Amino acid sequence: MSLGGIVDAILGKDDRPKVKGRVILMKKNVLDFINIGASVVDGISDLLGQKVSIQLISGSVNYDGLEGKLSNPAYLESWLTDITPITAGESTFSVTFDWDRDEFGVPGAFIIKNLHLNEFFLKSLTLEDVPNYGKIHFVCNSWVYPAFRYKSDRIFFANQAYLPSETPQPLRKYRENELVALRGDGTGKLEEWDRVYDYACYNDLGEPDKGEEYARPILGGSSEYPYPRRGRTGREPTKADPNCESRNPLPMSLDIYVPRDERFGHVKKSDFLTSSLKSSLQTLLPAFKALCDNTPNEFNSFADVLNLYEGGIKLPEGPWLKAITDNISSEILKDILQTDGQGLLKYPTPQVIQGDKTAWRTDEEFGREMLAGSNPVLISRLQEFPPKSKLDPTIYGNQNSTITTEHVQDKLNGLTVNEAIKSNRLFILNHHDIVMPLLRKINMSANTKAYASRTLLFLQDDRTLKPLAIELSLPHPDGDQFGTVSKVYTPADQGVEGSIWQFAKAYVAVNDMGIHQLISHWLNTHAVIEPFVVATNRHLSVLHPIHKLLHPHFRNTMNINALARETLTYDGGFETSLFPAKYSMEMSAAAYKDWVFPEQALPADLLKRGVAVEDLSSPHGIRLLILDYPYAVDGLEIWAAIKSWVTEYCKFYYKSDETVEKDTELQAWWKELREEGHGDKKDEAWWPKLQTRQELRDCCTIIIWIASALHAALHFGLYSYAGYLPNRPTLSCNLMPEPGSVEYEELKTNPDKVFLKTFVPQLQSLLEISIFEVSSRHASDEVYLGQRDSIEWTKDKEPLVAFERFGKMLSDIENRIMIMNSHKSWKNRSGPVNVPYTLLFPTSEEGLTGKGIPNSVSI
C-alpha cells in the first residue's frame, strides 16, 4: 500500500469502489419461542468481533484456473443495534463490499460464515449496483449454523439457472462440491445442523425392544414388503432387532432428523403451535380414555355426537386434564382444539352436517362421495359381471363375487346387466382384493371386526350414482384356500332392513377410509414423493433449472413425513384408529406392489379405472364416462395447466432431446431415483428412460401433480367429510347384526345406538376428529399452486412470464369451478349435503377451508 493509502486508512478515508448489499434474514429468536435470548447472545458475539461474514465468488474470473475469484470478507452491519421483537419477521442488514480495482467480473455465488453462537434463517442477499452489471439477487432460504458445525463452506448461488454443461467455469467446482456435501458419506447419526440427504428403509415403525407385540415389519428392501425409501436419520439400532432403528421418546419426537431446511419454517406462532400439536396429540389419549371411562366407550345417540360440535363436552377433572394443560399450550387448546382451557372440548362443525344433519345417510350422497368426497380416486367402471378377483386362487381359493343378476336387475332402469355394462352405466367401488389377504389377522384384534367389500353402482340419467348392491366378505373359517363367506345386501329404507342397509354402507366406508388414509393419501402422495425430494437435493444443484422447477413442490414434505412416522404410523399411533390396526402399514406395502409411476398421471389413472376413454377430439385427449365427476373434471383442468407450464419451462432450457440425454446431473438424478429411492421398483420396464424433452415434461408434470393437486384432493376434504365420523367411520367394532342376536333385536328399538356402538367408539373418535381437524388446516404462510415464496426465484424472464400465464390459467379454473358449483344441474358438485366441490380450487385462506392446492405435501 502506498504512503498515501496508509494515511487515508489511518484517517478513515477509502476511495476504493464499493458495492452495497442488502441481506434479509430471520433471527433465531423470531422462529424459536423457547430460546428468545438467542439474538442477545449473538449481539454480544458480534460486539466481540465474532461476526457474520460474506465473501463474493466471481462467476466470470478464475482465481487459480478452477475456482472463481473471492472478494475480501464483508460483515453484516449493526447486528447489535437491530433489536427484533419476538413477533417480528424479517430483519434487514446492510453489507458493503470493497470492489477490487482489478477486474472481479460478475459475482455468481457467495460464501457466508456465521461466527455467532446461534443459527439464523438466511432469506436472500441482493447486490444493488454491481459495476458494469447492475442488480444481482441470491435466493437463499436456508438455515445457517455457526461455522464450526460445518465441514465445508456454506455457499449460495445467484438466481441464474444453468444446465451443468453451461455453468460458468469459475462456479463449476463450487457447484459440484455443494452436491457432495449434501450427499454426505452415508455414516453416523445425523444432527440438526447436518444438511445430508440420504436414503433408508421404513425400519422405525415399531419398538421391538418393548416386546414382540410392538414389532413391525421393515418396509422396503424386500419383495414381501416393497416400499419407497425415506430420509436417513442414522439413529441407533434397537437391541432386539439390529435391523430396526430406535425411536425418539415421545416428548422428543419433534427432534427426529430431517435436513434443517426441510423443517417447518412458519412465521406465525399459531402455525408453530399447530405443527407442534401433530406430535402432541398422544397427550390427549389419557384424558380421552378418562372421559370414555366415565361415559362408557360409546355414544348413546347422534345427539351425543352432534354435541361435540354444538355444545362441547366436559373433560373430567383429574391428572388427565392436568396432563393436557401442562403439555399443550393454552393457545393450542383455544385456537386449534377450540377448548376454553378449562376442559371443555369442542370441534368446528364439519361441512357435511352444516346444512343438513341427516343428508349424509342418503344413497345419493353415499354414491356422490365416490366422485367428489375425500377419496374420489378408487371408483372404476365395471367391465365384467360378476366381478372377479385377481387374488391367487391357489392361496386364497375362489374370491370371485357372489353378486348375481337377481340382486341388481330390477334397479337398472329397464336395462339388462349386459346392456348396462355395454352402455357404461355400471361402476364398482372395489376394496376386496387389497383387504382380504390381511382380513383374518385384522379380525383377530379384540377391537376390530371388518369385512372386505364390493359396491356396485348404476349411473342414472341425471349423472348421479345409485348404489345397487354391497357385498361383504369374510375369510372362510376353514382356511384361506376355501375362499370367502360372502353376503350381498341391497337398498332398503324402512325398518330393520333399512338399518341393515345403513350398516352395509358404513362397512364400505370403513374399508374406504382405511384405504384412503393408508394408500390413496399416505402411500400415493406422502411416501412416493419423499424419494424425489432426497434425489433432487443429492443430484440437482440449486443452479439446475429442474431443481428450480420442482423445489417448491417439496416444501416441508420430509418433515411432515417424519412426524407421521413418529406419531401417526407407528405402533400405537394413528393405526389404533384405522380398521387394519397393526397391519396398516403392511397393507400400504401390499398396495405399493401395484404402484406404477406413469399411471399417476391423471389421464392415465382415469383410463386405467375405465372412467374415461381416449378421445382426441376432447380437450384433454380423453372423454369422461361420468360427465359429472367433479374430481376428474376439475383435476383435468389443473393437470392441463401444470402440463402447459412445465412444457414451456422445459423447452426454454432444453432445446433438443440431446440436451436432456447429456445432462449429467439430470441423468444421475433419475438413475438414483429409480435404483435407490424407488429401489424395489428398479427393474420395472415402465420407468421412462428420460432421454427426451417429452419424457422430461411428463415426469415433472406427474411429480408436481402428485405433490400438489392429488394431495390436496385427498387431504383437505378430510375434516369436511370425516370430521363427522358417522359419515366416514374408520373402525367397525362388531360384525353385521344377525337375526337372533341381541344387536339385531336392538335394531328394532334403537338402531342409532347399535350403529354408534359399532362404528363410532368414543375414544378412537375423539382422537380421530382431533387429528383430522388439526391436519386439515392451512398455515398462514402456505404457498399455493401458481405461487412462489420469492418473486425473484429466477433471473430468466421467459420462465417468469410463463409462470404468470400459469397463474392466470389457475385463476380462470377457479372461476369455472365457482360457476359450475352454482349450477344445480351438476348435482354431484354439491349433493344432498350441499357441500360445493372446492378441493381443487387452487387458492385458499388460512385455516379450515376445504379448498386450496398447496404446492407441496406440507401437512
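The backbone N, Cα and C atoms fix where each Cβ goes, glycine too.
Per Swiss-Prot, these features apply:
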- 34-158: domain 'PLAT' (DOMAIN)
- 161-859: domain 'Lipoxygenase' (DOMAIN)
- 213-246: region 'Disordered' (REGION)
- 233-244: compositional bias 'Basic and acidic residues' (COMPBIAS)
- H521, H526, H711, I859: Fe cation binding site (BINDING)
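Shown on the structure are the features that Swiss-Prot records.
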| residue | record | Cβ contacts under 8 Å, 6 or more apart |
| --- | --- | --- |
| H521 | Fe cation binding site | N375, H711, L714, H715 |
| H526 | Fe cation binding site | T557, I560, N561, A564, H711, V857 |
| I859 | Fe cation binding site | N556, I560, H715, S775, R777, H778, A779 |
Point to revise | Conformational class of H526 (Fe cation binding site) under the three-state DSSP mapping | key: helix
Practice item. Take the region 'Disordered' (213-246) and count its residues per DSSP category (helix H/G/I, strand E/B, coil), listing them in that order. Key: 2 helix, 5 strand, 27 coil
Point to revise | Extra residues within 8 Å (Cβ to Cβ centroid of H521, H526, H711, I859), Fe cation | key: W522, T525, I560, L714, H715, V857
Exercise for review: For I859 (Fe cation binding site), name the DSSP secondary structure in the helix/strand/coil scheme.
Suggested key: coil
Review point. Tell me, what is the mean pLDDT of the domain 'Lipoxygenase' (161-859)?
Key: 91
Exercise for review: Check H521 (Fe cation binding site) against DSSP and tell me helix, strand or coil, would you?
Suggested key: helix
Check your understanding: Across all chains shown, how many C-beta atoms besides its own are within 10 angstroms of the C-beta of H711 (Fe cation binding site)?
Key -> 25
